[in-house]
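> Pulled from Swiss-Prot, these are the listed features:
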| type | residues | note |
| --- | --- | --- |
| ACT_SITE | Lys79 | active site, charge relay system |
| ACT_SITE | Ser154 | active site, charge relay system |
| ACT_SITE | Ser178 | active site, acyl-ester intermediate |
Amino acid sequence: MTDLVKLTIAQSHKLLKDRKISSAELTKAHLERIEKLEPEIKAFMTVCPETALSQAEAADKAIKQGDIRPLTGIPMALKDVLCTKGIRTTCSSKMLENFVPPYNAHVVDKLAKEGAVLLGKTNMDEFAMGSSTENSAYFTTRNPWNTDKVPGGSSGGSAACVAASEAVFSLGSDTGGSIRQPASFCSVTGYKPSYGMVSRYGLVAFASSLDQIGPFTKDAMDCALVMNAIAGFDDRDSTSVPQTVPDFNSGLDGNIKGFKLGVPKEYFSQNMRPDITEKINDALGVLSGLGASIDREVSLPHTPYALAVYYILAPSEASANLSRYDGVKYGYSYNQTENMWEAMEKTRAKGFGSEVKRRIMIGTYALSAGYYDAWYVKAQKVRTLISQEFNNAFEKYDALITPTTPNLPFSIGEKLNDPFEMYMCDTCTIPINIAGLPAVSIPAGFVDGLPVGLQIIGKPFADQTIMRIAHAFQCATTWHKETPRL
């Protein structure tokens, strides 16, 4: 008998369309899986069984009437940074512990229109600030491949639930690697679209010039199906770009013969584990065998400055975005004083966790009088240089290939007390956000039983190209089909 929780979107869709299974059966199987595994994995902040079963019933009625789309009846999860009308949205923070949004995020409405089934909201680093999901105010999500290890972050819950077969797909957000890094750590396909490709309306903001919403899926084909559903212009988001939405499934034929791929030397730094480099070299061999040409002598010399640029710009934007949480209109409120200023001060002191407060302070400092020109303006100038280097590279290459992370999934607690060590986890992913590029992380093997991810980077709005490369790689390998023993 078919194990329903192991199905991809495409496989589930075919069975639903042929009426061999129902959405109710598929949804119940995933809810049972969640009930079984959640005590150990802890991927979900909120599970919505009644909502899920109601939506599954509606999907089955639509299918019976011949109204079926690629995501109709497919159980999915959302990172708890996306607003869901009537369903708690916490950002894994005490500040929003009991916040129930009065509206849906744009992507939530689009998925609802497609008939997808919402299983629940996933755990994350508080306000999307972190690389391990240990910064959640509630609990730490565990890596399905080894529950002593972190799943990555900040979208760790969204990655873990797909890896653990608790959901067919999920959505996360990526500000400096928060989709791709946990995708690498959990051995799933994680995609950050071009900046402006997917509306941020209803995404609780961390850093508005860097944030982007994207999917976690079991393979590149599924990723394309989700992108077809969520991409597109939205006039409610000032950063949404009025581009024609491509058919992301177009060209997914496994053929990348003649593609020119560059390998930037700077991404193989001294802190890169040699065994990860070995796996990436193996992956490059696969791509070469598929007919792509590989140039290993690409140089992006400003790459080493990306981490410093990010940790000036992102905290600066966070300082502004998070100033709205003062305990007055919504969210946590310290009310044990009659002094308004003390109430606001205590609200923020008690409502935010240590990492969020650290980044707010860094950002406030960088924006302050006397330091704005020295730090913030200079960082913006270097950001431009990083973007220009990518643009120059893409005049020669169809895509760039790098490791997703310089390290393997690490033990829970290992880096928690060393912010710099934690920040270094994102050295391969941060430059892509700075330049607003599309990038995908796909499974590329294992080292000591722990996953390794391959990152494919594309030029702005050439999202289809990297999807084609990812799909071709997965046609030639089986790493994405491996699942953890749970």
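The backbone N, Cα and C atoms fix where each Cβ goes, glycine too.
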> What are the sequence-distant neighbours of Lys79 (active site, charge relay system), meaning same chain, six or more residues apart, C-beta distance under 8 angstroms?
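Non-local contacts for Lys79 (active site, charge relay system): Lys121, Thr122, Met124, Ser155, Gly157, Ser158, Ser170, Leu171, Gly172, Ser173.
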> Around the Cβ of the residue listed as 'active site, acyl-ester intermediate', how many other Cβ atoms lie within 10 Å? Please give the count over every shown protein chain.
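The Cβ of the residue listed as 'active site, acyl-ester intermediate' has 37 Cβ neighbours within 10 Å.
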> So what sits near Ser154 (active site, charge relay system) in its own chain, CB-to-CB under 8 Å and at least six residues off in sequence?
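Counting only residues 6 or more apart in sequence, the Cβ neighbours of Ser154 (active site, charge relay system) under 8 Å are Met124, Asp125, Ala128, Met129, Gly130, Ser131, Thr133, Asn135, Gly172, Ser173, Thr175, Ser178, Pro182.
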> Going by DSSP, is Ser178 (active site, acyl-ester intermediate) part of a helix, a strand, or coil?
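Assignment for Ser178 (active site, acyl-ester intermediate) reads coil.
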